[in-house]
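These notes are about the structure you will find just below.
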Amino acid sequence: MALRLVEFLVPTDAADEVAGLLEEINAVHSWRIKTADERLLVRVLLDAQETEALSDALMNRFGHSDAFRLVLLPIEATVPPLKQADESPASAAESETPSEPARVSREELYQDLVEASQLTPIYLIMVALSTLVAIIGLTANNVAVVIGAMVIAPLLGPNIALALGTTLGDLEMVQRAVKTLGSGVAVAVLIALVWGVLFPVDPTVPEIASRIQPGGRDVVLALAAGVAGTLAFTSGVSATLVGVMVAVALLPPLATMGLLAGAGYGTPATGAAMLFLVNMTCINLAGVVTFLAQRVRPRTWWEAEKARRAIRVAVALWTGMLLVLIVLIWLSGSAFRLE
């Protein structure tokens, strides 16, 4: 797990209390500095998975103080390099007890996904560009170009943010993610529809035809990639997101639906729409379950109660939607195929 630097300001008379809190975590190193405005600046170097416990303890104690402020910073390197200590009997005994989850803190995860789900002009431009790339790849039957549209993947962030907002019971985050996701979907469909109306579309092109008949393998793939995408965010290993973006491709089926609908191929367009809905549903369902498995929870008990209600509703909604889609896929059989 990567290192993080936690910096926080507290009143100077809280020095002893801070020292007690630091004794309860596995900090690599800590520093204390008295500031000019009579506050205590504390810097703590520790594993990323330890930051949530520290920030929760500090918020519980100093969160209502005007003098308190906490900042979390990533660490690229530290010199001299840290040595791995040999496991002692005491540490071995501790390892048998429940430990902190191997993930970044709730606050870091929240900030990352807030940024990934902002409705900005840049986001809409990225959706438009990704849609155009997907359309060109689909109509030209160019797999490499379609993969390029998958890698841009502007719709992945809002979906994972929606899952996190549900897990934390954060209605504001859920609303923001839904608004951003809906806007992106609308832009993508509109561009594809216009293209389908203005230019000829051949529904028998393999890259298009392969996205009009979803099956059971698509469901399994989307669930697995949804878990992987969530783990990529919680572990802070963004490099793995490229593979997830390709595995759960949201834009190509969306572009396929718009192209076919614009060209007048209603039934095949329905198949592409179902594939998009399968992918989106599986990402959100897998995201919520993965966040729960990694013990991503609100900090306070009243927030936790609100989150439990939101989770029950969301899991029931996504599960029900997935079951309906599976039944529709099974009943459709070869209905979406082009003979």
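Heads up, the Cβ atoms here are built off N, Cα and C, so glycines get one too.
TrEMBL annotations: computationally assigned, not manually curated.
TrEMBL lists 87-102 with the feature compositional bias 'Low complexity'.
Residues annotated as region 'Disordered' in TrEMBL: 84-104.
Marked as transmembrane segment by TrEMBL: 122-140 (among others).
Under the heading transmembrane segment, TrEMBL lists 146-168 (among others).
Only residues 6 or more beyond the boundaries of the transmembrane segment (180-199), in the same chain, are considered here, and those with a CB under 8 A from a CB of the stretch are 117-119, 123-124, 127-128, 130-132, 135, 139, 154-155, 158-159, 161-162, 251, 254-263. Residues or ranges marked as transmembrane segment in TrEMBL: 180-199 (among others).
According to TrEMBL, the feature transmembrane segment maps to 219-237 (among others).
Feature annotation from TrEMBL assigns transmembrane segment to 271-293 (among others). Packing against the transmembrane segment (271-293) from elsewhere in the chain are residues 156, 159-160, 162-164, 166-167, 211-214, 218-219, 222-227, 229-231, 234, 248-250, 253-254, 256-257, 260, 311, 314-315, 318-319, 321-322, 325, 328-329, 332, 335-336: each is 6 or more residues past its ends and has a CB under 8 Å from a CB in it.
Taken from TrEMBL, the feature transmembrane segment applies to 313-333 (among others).
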